[in-house]
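Some features that TrEMBL has for this protein:
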- 20-41: transmembrane segment (TRANSMEM)
- 53-74: transmembrane segment (TRANSMEM)
- 95-118: transmembrane segment (TRANSMEM)
- 148-172: transmembrane segment (TRANSMEM)
- 184-206: transmembrane segment (TRANSMEM)
- 235-255: transmembrane segment (TRANSMEM)
Amino acid sequence: MLEKIQKAITIRSCTVRELLAEALGMFILMVFGLSSVAQVVLGRGNFGQHLSINLGFGIGVTLGIHAAGGISGAHLNAAITLTQCILGNLPWTKLPAYVIGQFLGSFTAAATVFGLYYDALYDFTKGNFTVTGPTATASIFCTYPAPYVSLLGGFFSEFIATVMLLLGILVIHDDKNNGALKGTEALLMGILVLGIGLGMGLNTGYAMNPSRDLPPRVFTAIAGWGTDVFTAGHHWWWVPLTAPILGSLAGTLIYKLFIDFHNQPVLESGNEKGQPVVETS
C-alpha cells in the first residue's frame, strides 16, 4: 500500500524536484534564522543576544544545505542562482523554478514564525505592529538599515557582505585549489554565514540574499505592518534585492581573476605541478 502511494505521489520532473528542494531548504534556513531574531527581540534581550541570531542563521544555512544540496545544489539565494545562470552553470530555464522555490520557502517560514510567536508579538506591541519606534517588530522578519546608515552606506555594506559570501563559497567548493573535505561543506557554509554576521551585521543586518528579504517583507505588509515596510529607511527594500546580485557577480569575478583563471589543470608533460622544467642534452 505504501509503495503504491509513493509511486502515485513521486515527482519525476527534475525541475519540480529542484523547486521543492529549494523551498524546503529555504524554509529550514529561515525558520531557524527568523525565530532566533524573534526570541532576541521579543525576549527583550533576556533570551539571547546578537550572537544568538548569527548562530541561528548559521545553523539554518547548514541544515538547509543538507536538505537541498543533493537535489538542487542548495543555492537558497536568488543572487547566487542568477550568477550561476550568467556563468552558464545553470540553464536559464531553471531560474524561475529556483527563485519561486526560494521565495515560497521564505514566505512560508515568515508565516510560521509569525504564528509561533503571535502571542509574544501581541504582548510586546499591544497589537500595534510597527516598523520603527520602541516596539518595532518588522525587523524580526526582514532587514532595515540602522538609523545612522545612509542609503549609499547600506548598499555598500550589503555589497561587501555578499562579495565575502561568494568568496567563501568558492573557496570552500574549489576542488582544484584547497577545497573543503568532502562532507564538511555545509558546516563550513554555516560557519561562513556566522562569521559574516559577527563582523558585518551592524549596519544592515547582512541580508545578502533577495530570497531571504523580499518574501518576509511582503508577508509583513500583508500581516499587519502595512506599506511602511517598503518606505522605511528611505525606501530601503530595493537594496537587499540589487546589492546582493552585484556583490555575487563581483565576488565571483574577483575569485576568478585572482585564483581560478590561473589554476588550470597542468597537461601531462613529464613534470609535476610546481617543479621547474630541466632541459638536458
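Cβ atoms are placed via backbone N, Cα and C, with glycine included.
The stretch with the most CB contacts under 8 Å to the transmembrane segment (53-74), chosen from 95-118, 148-172, 184-206, is 184-206. With a threshold of 8 Å between CB atoms, the same-chain residues lying at least 6 positions outside the transmembrane segment (235-255) that come near it are 77-80, 82-83, 86-87, 142-145, 151, 154-156, 158-167, 170-171, 204, 207-210, 212-214, 217, 229. Sequence-distant neighbours of the transmembrane segment (20-41) (same chain, 6+ residues past either end, Cβ-Cβ under 8 Å): 11, 47-50, 52-53, 55-57, 59-61, 63-65, 67-69, 71-72, 74-76, 97-98, 101-102, 104-106, 108-110, 112-113, 116-117, 120-121, 124, 137, 139-141, 211-212, 216.
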